[in-house]
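Below is one structure; the comments refer to it alone.
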Amino acid sequence: VAMLRGMAVRILMPCRSLGQSVHPFGLTFIGRIVVTLVLISDWVFLTRFCFLTDFGHLDFRFRYPKSRCCQNILLYFDDSSQWPAVYKRPEKNCYQKEAVLRPENNQVINLTTHYTWSGCVVRTHTNVLSCVGGRSFRSVRERWWYIALSKCGGDGLQLEYEMKLTNGQSFWTQHFSADEFGILETDITFLVIFSMVFLLSCYFAYNLKGRQLLHTTYKMFMTAAGVEVLSLLFHCVYWGLYARDGVGNGSLKILGKLLFSVSFLVFLLMLILLGKGFTVTRARISHSGSVKLSIYMTVYTITYVILFIYEAEFFDPGEVLYAYDSPAGYGLMGLQLLAYVWFCYAVLVSLKHYPEKQPFYVPFFTTYTLWFFAVPVMALIANFGIPRWAREKIVNGIQLGIHLYAHIVFLIITRPSAANKNFPYHVRTSQIGILLSSPKGGEGAESFPHHAYGNSSFLGDSQPNFTELFSIQSMKVMAYTLYVALHSV
């Protein structure tokens, strides 16, 4: 055991060897890496992993021609004097990058038969050096470790290697980097909760449909909740497979992220539509409003796609980065704030023309103001306030919590109950077609009568409220319906 001077970090030498065979093709994973490498460079980054304080372990198998001897495996950690001091520092040569490490502290694995702990032997029939061994990692906290390969002053690098990086033996931690701990458990928990939210929304939708109050905006809410459930399901399957073999299926994770984005966009569109009064104070959005919404959502969707591409193609694996810490991420935050300004204006206009809708719009505006600012604030906290070795798992929980908050609030304020004074819908779906069929087809046809129905229509589970049959507001709607019918003949 060798202690790094001035650092509470140590690397333990003896460990078991790998039992898996080497695969001579290039596949790269965080928890398990199988790669064939041929480069003219004399120093190259291989992978990174966040190890636990006591159970971090690296198993390795390296093979390369004896004629290309001698190559070194370098183990850097996230202290400012180590990895940040050498990575992306073109002014430093290979020898200077090796100089920040101390071989006596076991941060350098010399892949030769002269270095006992490398486990290297020469395969005489192939004249290949085969090195099998490992390392255990100890530190006072979780740390990012960065693994590099070097051959200073040589003729380039050639190496076939397999590495298995683990944290303990538990199903929930073994193949996970320490910054990913708890993500699987968190996703499973939110999957159960969101499934309950979706089922409850289906039950409410059944009641609303029986009263002809199942409007388009509520269907959009159900769609967002359902897609969120699918997103979490794919994420849970991905992380479950990853927990089993350290590889997983990357396509499932990408699909889960795409569905998560779709759910967010549908929910955002629903909020803007409700703010503008769609299905609450009007039957349709004006032509100019529809065009603006279409352009905005198209730009938002394209920015999301750019973010996915940027994350996949341009994020440096040698750095611990966050998705919103990119030009596309900043663009999304800007669009979110723009949506909030639009949302504020739309709600104020709706309240100006329909002040009796305050019981719905006041809590609606207040709760979703917090939601609109939650995403940019979360991104700023993640970039500047959360340690990088804990960022992914914390951000994952916060992000899902924000989505759950938004869905539960909407479920509460739209619940079909006589006690719900915030219920937004007052016009039957069967009457919207009549309102829109007005020969004038103008604003008068788009706007709903003031309080055509109230939440007192929920006196029974599925029975109509006959006490409102001859109310003044009801008579206005009936008269208007008769007027439209007569002028349509």
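FYI, residue positions are counted from 1 along the chain as it appears here.
Just so you know, glycine gets a Cβ as well, placed from its N, Cα and C.
What TrEMBL annotates here:
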TRANSMEM  21-46  transmembrane segment
DOMAIN    40-161  domain 'GPR180-like N-terminal'
TRANSMEM  188-208  transmembrane segment
DOMAIN    190-410  domain 'GPR180/TMEM145 transmembrane'
TRANSMEM  220-242  transmembrane segment
TRANSMEM  254-273  transmembrane segment
TRANSMEM  293-310  transmembrane segment
TRANSMEM  330-348  transmembrane segment
TRANSMEM  360-382  transmembrane segment
TRANSMEM  394-413  transmembrane segment
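Same-chain residues lying 6 or more positions outside the transmembrane segment (293-310) and placing a CB less than 8 Å from one of its CB atoms are 254, 257-258, 261, 265, 268-269, 272-273, 285, 323, 326-329, 331-332, 335, 338-339, 342. Here the transmembrane segment (330-348) has Cβ contacts under 8 Å with residues 268, 271-272, 275-277, 296, 299-300, 303-304, 306-307, 324, 361, 364-365, 368-369, 372-373, 375-376, 379 of the same chain, all six or more residues outside its ends. The DSSP breakdown of the domain 'GPR180-like N-terminal' (40-161), given as helix, strand and coil counts, is 19 helix, 57 strand, 46 coil.
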